[in-house]
């Protein structure tokens, strides 16, 4: 991916606030959230809609969202019909994979300017049944599309939470260690919110209700005042035989939100007199055993950092998606990461995990955090249901 003297750069990055399940953003169609962030990143980059070559978004729970929701989001943002738009599906990694695909398209010369990102409204995900051939007798069971299409491992037919329990057991991550990761995430997110660290990256979403328009611009999911004592009282959710360690508090949530970035070559940014947020140095993806899908970022990060010609010690900040605290602890342990460099403003346990959006959300947060603290090198990475990981290295300056 390293493009030498004319690398692919990111010139703008924004996200919506993250809504709780059935919360502030639950009534907003997913393509409208996509439209909101596309409009914002184009405006920040001073790029006219007709100058865009392509739009690529990660989106996982597409059932009932209408034909090609990314195309709907693109057109809604004023991008003309002549500009193609499409979505990619890599579960939790979708939003970052979309950015990788955009960078590839530009590096290959197929595109000049690409808007990439991700979006998800988990609150609107429907329940499903198959009635195509009719039902002669009896009840018709409904399947939750969040579970069957997003959170259930297709190879072992169990919930992602069980994969976290598998990681906790194999990497010897105790319940207390998981709760400490979760409390740290919540406390960091609380501090970041109160200090205004997310203000620059968030674009408000206008939500219609009987009371009129409401502006949603603050992440809804964090639980301020979180502490170990309260968290320790929760019972394990996925294994209830006395061996479980994963609880609702040390796992990420089900959430709604969208994020986007604008990419172009460095020379194009210079021509437009734009100062890039960062250049994309490398990216990588890897596969692991699906039963321990959460450790996918370990090989992905190692490979991406090696491609960049860096060592792990060279990296100033990591944004690694907190699908589960057990997973976060195992990754940090295996890679020997300094906790002061990882998710310094909290992660998905506190902020939430809108499936298709999270990959780009963590990249947006990484870019703005690097800028705020004066860091140079950053890594964004996610584990992926089904046993995969994806990682990207970016560099400022």
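Glycine is no exception: its Cβ is also placed from the backbone N, Cα and C atoms.
It should be emphasised that the depicted structure is a prediction, and the values quoted were computed from it without experimental measurement.
Quick look at what Swiss-Prot lists:
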MOD_RES   1  N-acetylmethionine
ACT_SITE  92  active site, acyl-thioester intermediate
MOD_RES   200  N6-acetyllysine
BINDING   223, 226, 252  CoA binding site
MOD_RES   233  N6-acetyllysine
MOD_RES   235  N6-acetyllysine
SITE      353  site 'Increases nucleophilicity of active site Cys'
ACT_SITE  383  active site, proton donor/acceptor
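Comparing C-alpha positions, residue 92 (active site, acyl-thioester intermediate) sits nearest to 252 among the recorded positions 200, 223, 233, 235, 252. Checked against residue 200 (N6-acetyllysine) by C-alpha proximity, the recorded positions 223, 226, 252, 383 yield 223 as the nearest. Using Cα positions, the member of the recorded positions 233, 235, 353, 383 nearest to residue 252 (CoA binding site) is identified as 353. If you count neighbouring Cβ atoms within 10 Å for each of the binding-site residues 226, 252, the highest count belongs to 252.
Report note: the CoA site is defined by 223, 226, 252, and the residues of the same chain whose CB lies within 8 Å of the CB centroid of those residues, excluding them, are 182, 185, 186, 189, 221, 222, 249, 253, 349, 350. The number of other Cβ atoms within 10 Å of the Cβ belonging to residue 383 (active site, proton donor/acceptor), over all protein chains shown, comes to 33. For residue 353 (site 'Increases nucleophilicity of active site Cys'), the nearest of the recorded positions by C-alpha distance turns out to be 383; the candidates were 223, 226, 383.
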